[in-house]
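First comes the structure, then the notes that go with it.
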Amino acid sequence: MRTRVGAWGVVAAAVVAGLLFAPVFSLGALILPLAGVAVVAVLADELVTRKPSVATWRPALVLVAGLVVVFEVVVARGVPGLGDFAVFGDGVLNGWRAALESTWPARPEPRLVLFVPVLVLLACVLGLELLRRNGPLLALLPSAGVLVLAQAFVAMKGADAVAWALAYGAVAGLVLGSAVLSRTTLRATAAAATAVALVAAGVLLPALGTPMSLHDEQKPPELPAALVNPLDEMGGRLADPEQAVFRVRSQAEVDRWTLAVFDRFDGVTWYRDNGFRALGAELPADPAVTVPTRLAHATIIRDAAAPLWLPTQSRTAAVTGLAPAVDPETGVLITAATTGTYELRWRAPQTRPEDYASYSLDAQSAGLSDVPEGLDALAKDAVGDAGPSFASALVMEKWFQDNYKVAEGDDLPTGRAYPQLLHFLTAAKRGTTEQFASAYVVLARLRGIPARLAVGFRDRGAEALDGDGHRVVRNKDAFAWPEIAVAGVGWVPLDPSGTVAAVKQDAAKPKPPEQQKIPDASDTIKQDQVQSTTPALPTPPAPESTDWWLITAIVLAALLLLAGLAVPLTKVLRRRTRRRGDPRKAVVGAAQEVHDVLREHGLPVTTGMTMREIARETADVLDPRVGHELSELGGVVDHALWSGRPPDSRHVERAWQVVGSVRKGVRVLPRKVRLRAAVAPARRR
Amino acid sequence: MDAATNPAVVYNRIAANVQRVIHGKPDVVRLVLTALLAEGHVLIEDKPGLGKTTLAHCIARSVHGSWSRIQFTPDLLPSDITGTSMYHQGEGEFRFHPGPVFANIVLADEINRATPKTQSALLEVMAERQVTNDRQRYPLERPFMVVGTQNPIELSGTYRLPEAQLDRFLMRVSMGYPQPHAEVQVLLADSEQMTPDRLQSVVDLRDLAMAIEGVRRVHADSDVCAYIVQLATATREHADVLHGVSPRGSVALLRAARAWASIENRDFVVVDDVKQVAHAVFEHRLILTPEAELARRTASDVVRSVLGKINPVGIRR
């Protein structure tokens with residue numbers, strides 16, 4: 001029975017370790033496959049226990065049965081097809097890498113999830129073998145390996161870490177407590193306690209600092225070769241203005257759809273470092289956004305030859321229908337598919353437009369280099385001496401709208417390098433939305449306002465409805481705009497070219513939250529005033545750094561207490577179990593109990609000794625009466641086991657009386673020896 | 001069972017008689033008499049002058065049956081042991097003349113001095129208790145016991161007993177030097193001319209045969225048999241052993257354990273009985289690896305380690 005409990009513990013430890021991948025896939029995606037692995041491992045082990053003749057085949061049996069179940073539960077889910085085998089092979093070999101390349105929680109796709117149940121299965125196979133061959137401590141190593149790998153993927157923090165550490169510690173304690181350690185010595189106890197403490201520490205310690213994660217080390221996937229900078233496509237789009245690009249069905253009021261965002265400018269072109277990852281099940285909310293948000297959604301139908309950049313919103317939450325890659329910081333989506341319909345969900349901030357003016361700006365900003373003379377003076381002209389604030393950003397937006405015009409017609413200016421921007425700002429005063437946005441971002445950054453450039457399409461709303469109720473977005477809607485970082489809100493789009501405002505005025509519609517932002521320039525307030533009147537914004541909770549030490553200490557103390565109580569409790573259970581059952585078994589149990597008690601007290605008792613031999617060996621140490629009782633127990637055991645006559649309750653009673661005498665007899669031993677015996681783990685037979 | 005035929009009584013009578021001459025060696029005497037009650041053969045191996053022949057002689061004298069002594073020498077022929085057919089001119093036919101093995105107790109003194117051919121002549125005698133001559137089989141009188149002696153330190157002019165021959169000895173025992181007080185008694189006994197020839201027989205053949213039959217009826221539980229098999233298996237799997245104990249060795253151990261149990265006046269075998277005779281029954285059946293011999297590890301070490309490892313109350317068949 002103890003062997004069986006130990007095997008269950010080994011399997012449970014592997015499953016608990018596998019469940020630590022929950023932050024990668026979500027708990028729901030892992031429970032069924034891991035439960036399948038656990039059931040198969042336990043059943044296969046049980047079969048081998050009942051049929052020792054197949055013991056040699058146990059690893060192969062557990063492995064094959066486990067792989068079949070994993071294949072069926074995770075991949076095939078019914079009658080398997082040829083493609084399922086390809087997915088299975090790919091998942092086993094490359095699933096771990098695909099999971100690292102994805103945002104988390106990753107999509108619960110077979111190819112991604114597969115490596116976790118396979119790892120747990122291998123841990124079960126190895127653990128069960130090590131349990132039989134090398135004992136419980138080594139049997140926990142494979143599951144500990146899975147645990148460490150899970151922590152390398154994503155280290156648990158906070159209450160989760162405590163809960164999982166306790167869970168793993170509990171099953172590890174089950175394995176150690178129910179199994180035999182080779183020597184009933186303090187060394188064995190120390191090893192067991194160290195193992196539990198290491199496990200707990202291994203899980204808990206990362207919570208004390210910023211843990212390393214393989215997710216952060218993973219390089220982004222290669223971008224599709226056909227991916228073209230949307231800024232470069234704008235000229236071509238305006239040459240064919242009526243061409244539909246995509247259609248939208250949504251109840252959410254949006255004034256624009258973002259294709260790409262750029263935050264680096266080298267004086268010639270805009271770009272952004274590759275930070276794409278496969279989009280998982282859902283992007284977590286940006287903790288920097290502290291204003292209330294609402295989940296909005298839209299169905300987007302991409303017509304033929306749509307761009308590989310998917311129309312999105314800046315706070316993307318999830319995409320269904322396609323499996324795109326996402327830049328988690330900007331929410332920008334790309335895909336290798338040129339057509340397809342998808343549903344986009346995003347988190348729309350629920351803020352009052354008038355509050356924007358009083359928000360402070362976020363400190364993040366990319367610098368500029370080799371700025372030509374004249375631009376700094378223009379920036380100063382635009383906002384005066386006002387410092388970086390949302391109000392001054394609005395002043396600059398109004399300055400553009402008042403002093404510059406959007407170029408229309410066939411003779412459109414081109415370029416976004418410094419010379420073209422300088423020409424646009426100082427001479428032509430007529431430019432494309434791209435030049436408006438580029439110039440705005442450059443001037444804003446020169447004034448310390450954190451800004452970046454976005455490109456996409458405006459949404460004309462009801463004006464663009466087709467017969468099916470979809471809003472049609474065409475090439476002529478392509479435009480670029482600047483966005484500025486507002487603390488607690490995120491990136492807020494502006495409209496220096498007046499492109500969106502013109503559409504809205506035409507449509508006479510109420511302005512959406514993102515766009516209702518333009519207080520009158522006369523309301524401009526200086527930076528110091530803004531700061532003094534900034535309302536208390538919702539802020540993320542402060543890290544509970546001090547509490548963790550306390551919790552960690554409590555958990556470790558609880559584990560130590562548990563380990564301390566586990567040993568005597570296990571021995572009491574062992575004694576009761578041995579005394580139960582038929583008289584023959586109870587007499588054997590008494591003999592085993594005497595063996596174990598004496599060995600735990602460091603007396604020279606070996607496995608092969610009979611009671612009479614034990615009596616002789618311990619004659620110099622124990623009271624002669626105990627030796628006499630041991631010899632008598634030898635007679636009872638002889639009669640019960642080998643006489644051919646069944647023992648009765650009197651034999652059992654006498655045998656256990658001797659156990660009691662032996663337990664009293666060892667009290668003559670030094671206190672140190674008895675203390676060591678008290679904490680020595682229970683032996684298994 | 002008649003008291004006179006009780007194995008324990010038979011043992012006590014013979015042991016007391018033998019120990020009038022053999023002093024300070026009750027364990028050895030008990031082992032040899034255990035072999036007698038198990039109707040097995042004994043090889044007594046030790047240095048010269050420790051009383052091997054005397055012990056064998058004492059046991060032979062204690063049983064009221066026929067006994068013979070064969071002094072093994074290099075020129076001894078098989079027919080010198082088993083007997084030969086001679087032509088009787090008056091009767092005009094060949095007649096078989098039994099050799100010295102036709103006795104209840106045969107003392108094969110310095111058995112390793114005879115050639116392997118002559119040693120092999122004992123194989124059939126010891127295993128089947130019969131002699132075959134000119135296609136005629138001549139059964140030996142029961143009970144029949146061969147008590148061999150050999151000197152392990154003299155190599156010149158000796159022939160090591162083949163393994164097949166060794167396997168036919170139920171036990172191999174060593175005399176060992178006596179304790180000082182026992183040696184004093186040996187000296188005194190010599191002064192009193194207390195020799196084996198002065199011993200009277202104390203057990204007749206019928207009682208001995210009945211006692212041997214009583215030993216066969218001692219109950220051996222299947223768990224004890226399983227324990228013995230585990231011991232034998234453990235010797236085969238032991239790292240120091242080239243060839244472990246054969247199934248014949250397992251059978252021998254059980255027979256010896258039965259005899260030991262009957263000497264204890266018990267009608268069933270316990271593990272302690274098995275352990276008491278395990279060294280004597282197993283050691284001469286083990287062939288150690290050259291590495292173990294170079295490391296001066298002995299068959300006794302192997303048997304001791306095997307006995308220490310196998311849990312007697314945890315046998316799973």
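Residue 1 is the first one shown; counting continues down the chain.
Cβ coordinates are placed from backbone N, Cα and C, and glycine is handled just like the others.
Unlike curated entries, TrEMBL annotations are predicted automatically.
Under DSSP, residues within the domain 'Transglutaminase-like' (A:425-498) fall into helix, strand and coil as 25 helix, 28 strand, 21 coil. The domain 'Transglutaminase-like' annotation in TrEMBL covers A:425-498.
The feature region 'Disordered' is assigned by TrEMBL to A:504-542.
Sequence-distant neighbours of the transmembrane segment (A:7-25) (same chain, 6+ residues past either end, Cβ-Cβ under 8 Å): 31, 34-35, 37-38, 41-42, 45, 49, 99, 104-106, 108, 112-113, 116-117, 119-120, 123-124, 127-128, 131, 136, 139-140, 142-144, 146-147, 150-151, 153-154, 156, 164, 167-168, 171-172, 174-175, 178, 203. The transmembrane segment annotation in TrEMBL covers A:7-25 (among others).
Here TrEMBL flags A:31-48 (among others) as transmembrane segment. Residues 4, 7-8, 11-12, 14-15, 18-19, 54-55, 57-58, 61-62, 65-66, 69-70, 72-74, 113, 116-117, 120-121, 124-125, 128 of the same chain lie 6+ residues outside the transmembrane segment (A:31-48) yet bring a C-beta within less than 8 angstroms of a C-beta in it.
The annotation transmembrane segment is assigned in TrEMBL to A:60-79 (among others).
Among residues of the same chain six or more beyond the transmembrane segment (A:112-131), those with a C-beta under 8 A of the stretch's C-beta atoms are 3, 6-7, 10-11, 13-15, 17-18, 21, 25, 29-30, 33-34, 36-38, 40-41, 45, 58-59, 62-63, 66-67, 70, 73-75, 87-88, 91-92, 95-96, 98-99, 102, 106, 138-143, 145-146, 149, 175, 179. Annotation source TrEMBL lists transmembrane segment at A:112-131 (among others).
Per TrEMBL, the feature transmembrane segment maps to A:138-156 (among others). Residues 6, 10, 13-14, 16-18, 20-21, 23-24, 99-100, 104, 119-120, 122-124, 126-128, 130-131, 164-165, 168, 172, 175-176, 179, 195, 199, 202-203, 206-207, 211-215 of the same chain, all 6+ positions outside the transmembrane segment (A:138-156), place their C-beta atoms under 8 angstroms from a C-beta of that stretch.
The transmembrane segment feature in TrEMBL is assigned to A:162-181 (among others).
What TrEMBL records for A:188-209 (among others) is transmembrane segment.
Residues annotated as transmembrane segment in TrEMBL: A:548-570 (among others).
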Checking distant contacts: for the transmembrane segment (A:60-79), what same-chain residues at least six beyond its ends satisfy Cβ-Cβ under 8 A?
32-33, 36-37, 39-41, 43-45, 47-48, 54, 87-88, 91, 110, 113-114, 117-118, 121-122, 124-125, 128
